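*Asks:* Following this message is one structure expressed as structure tokens.
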């Protein structure tokens, strides 16, 4: 009963963090729209400043919010009974949407700069931003090739999984930092009378937006880094069970007797081997964070 109570408490804590992250992320997207429609020129695709405004909106919506959800999608407890292949497709699909939105946002910036004869790629924001997009594209491609398609051997997945997870979280944190640089740069350039230093309402709104991005990123990284919230390895038992064994045969049963019967001893040996293989497979291909 005590163990069950702790489990329910932990589950409740996860749900609270998830709800907080979703709320903060959603409000961030809304604030980005309020910013461009109330204080800037809205949205359009005509080479004007309104075309540039697609950049912050799509980055916050796709590269921050949707990517953050993609990172923790495996952690949702109610998905643990779903097909692992289905969850892989959802994870990859969300990251693909985020990638498309990020690319469209960059096209908007380049078209606006070219239309207004503004130099491209001169700021630190643009350098790091382009680097993040390139590495995110590579991360997405390798994720498809190694962890989604069934051709990569297990030992390769085992070797690449730590790199895949680390690079995914690093890219996400880098995107948040780059977004903060970008909105600050925009305020400095755009606010002239009154200036940014005078803290006009627009500056206050966008500064609050930046704080929300930091909070959202912190919540996502916390949930993604807690080992006890990972998808249980036992969910993959059906995939690598011994030939001729049932699903129950692949689980280590706590009620097994200490019989000296040779057949039962062999079954326990096979069960332990299957369990270890299942855990290895899970570590190799199931906890991906693109």
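Quick reminder: no glycine exception, Cβ is built from N, Cα and C everywhere.
Just lifted these from TrEMBL, have a look:
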COMPBIAS  253-262  compositional bias 'Polar residues'
COMPBIAS  263-290  compositional bias 'Basic and acidic residues'
DOMAIN    20-225  domain 'Cytochrome b561'
TRANSMEM  14-37  transmembrane segment
TRANSMEM  57-77  transmembrane segment
TRANSMEM  89-110  transmembrane segment
TRANSMEM  130-151  transmembrane segment
TRANSMEM  163-183  transmembrane segment
TRANSMEM  203-224  transmembrane segment
*Asks:* Return the average pLDDT for the domain 'Cytochrome b561' (20-225) as a whole number.
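*Replies:* That region's mean pLDDT is 95.
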*Asks:* Does the transmembrane segment (14-37) make contact with the transmembrane segment (163-183) through 3 or more Cβ pairs under 8 Å, each pair 6 or more apart in sequence?
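*Replies:* Not in contact, no.
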*Asks:* Counting only CB pairs under 8 A, let me know which of 57-77, 130-151, 163-183 has the most with the transmembrane segment (203-224).
*Replies:* 163-183
